[in-house]
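What Swiss-Prot says about this one:
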BINDING   Ala62, Gly63, Leu64, Asp65, Lys66, Thr86, Asn139, Asn172, Lys217, Thr245, Gly268, Gly297, Tyr318, Ser319  FMN binding site
BINDING   Lys66, Asn111, Arg112, Met113, Gly114, Phe115, Asn172, Asn177, Asn246, Thr247  substrate binding site
ACT_SITE  Ser175  active site, nucleophile
Amino acid sequence: MLYRLARAGFFQLDAEKAHDLAIQNFKRFTGTPIDLFYRQQLPNRPVECMGLTFRNPVGLAAGLDKNGECIEAFDAMGFGFVEVGTVTPRAQSGNDKPRLFRLVGAEGIINRMGFNNLGVDNLIENVKKAKYSCVLGINIGKNKDTPIEKGAEDYLICMEKVYEYAGYIAVNISSPNTPGLRTLQYGEALDELLVELKRKQAELEEKHGKYVPLALKIAPDLTDDEISQICQSLINNKIDGVIATNTTLDRTMVEGMKHAQEAGGLSGRPLQSRSTEVVRLLRKELQGNIPIIGVGGVDSYVAAKEKMLAGADLVQVYSGFIYHGPGLVRDIVKNL
């Protein structure tokens, strides 16, 4: 009820202004009596995945807390894990505004943010100050002005800087809002990137005395053959996990709706069916050898269960959290 009232107010604002205000409020109120409005004690539902122990299988997807400013707030809400970022080596402002749109009737969101963030060094400073007990994932990407043929260098820079502080590292090669980025999902380009990442992972494991798993985040807009090829690359390069999926460019589910033709990636309920199908295809190809984090339209216990029945070991929420608030986390965890 409280969240519904808060949402009504936030939804009167421009979508990005509402997002920024929410982040500011979480920063301001966490650790004060006001955080009782969103602090939750949830039952333990431990899951072993990628060599880590998650207190429950429900995580916050990347994109909501790009700079790691609100880790303590999301930890207080009971998430089993929180994925911050996407972060790039250098700060960048992202694409021109407006760049974030609600499709309220479909419980969807379209964004063309373009990896706006304050840079990896800023994120690390925020992580170092935060106190939390959930698993922390850090999602890394490349700067827009880095040529795609030099993209691996950006991932390696970020990886080196976040390794010590991350529970796992998510490698984002599937955002539709950075020109050319999705080409890294295919063939030799993918294999070359994964070889470099695994080499760096081994080097950093020796340096820091701990193994930090790598998870690759993929797009929903892939053919069955492309998914099969990605799976072969994941297996061949011993990647620790796969996150399925990022946002979609497909507008079939929202045709005719206000904002439906805005450029960018569509998330939320309209993505639910396709992302679950990708999870199913991954499970069939990977045969349980590589864990799957399912994301895309997880807006209820039923949707979370569908992802897990399709083969997801963990699930993440983003748009569903915007529409339903912290109660969504509670409902999923309690009913699993």
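Cβ coordinates are placed from backbone N, Cα and C, and glycine is handled just like the others.
Bear in mind that the values here come from a model prediction, so they are computed numbers and not experimental data.
When Cβ neighbours within 10 Å are tallied across all protein chains shown, the highest count among the binding-site residues Lys66, Arg112, Lys217 belongs to Lys217.
Shown are the binding-site residues Ala62, Leu64; of these, the residue with the fewest other Cβ atoms within 10 Å is Leu64.
Summary for the binding-site residues Gly114, Gly268: the Cβ-based neighbour count within 10 Å is maximal at Gly268. The two recorded residues Leu64 (FMN binding site) and Gly114 (substrate binding site) have their Cα atoms spaced 13 Å from each other. According to its DSSP assignment, Tyr318 (FMN binding site) is coil. In sequence order, Gly63, Thr86, Gly94, Ser175, Pro176, Thr178, Gly264, Gly265 are the same-chain residues whose CB sits within 8 A of the CB centroid of Lys66, Asn111, Arg112, Met113, Gly114, Phe115, Asn172, Asn177, Asn246, Thr247, the residues recorded for substrate being left out. The recorded positions in question are Asn139, Ser175, and the one with the fewest Cβ neighbours inside 10 Å is Ser175. Cβ environment of Tyr318 (FMN binding site): Leu60, Ala61, Gly63, Leu64, Ile109, Ser267, Val295 lie under 8 Å away, each six or more residues apart in the same chain.
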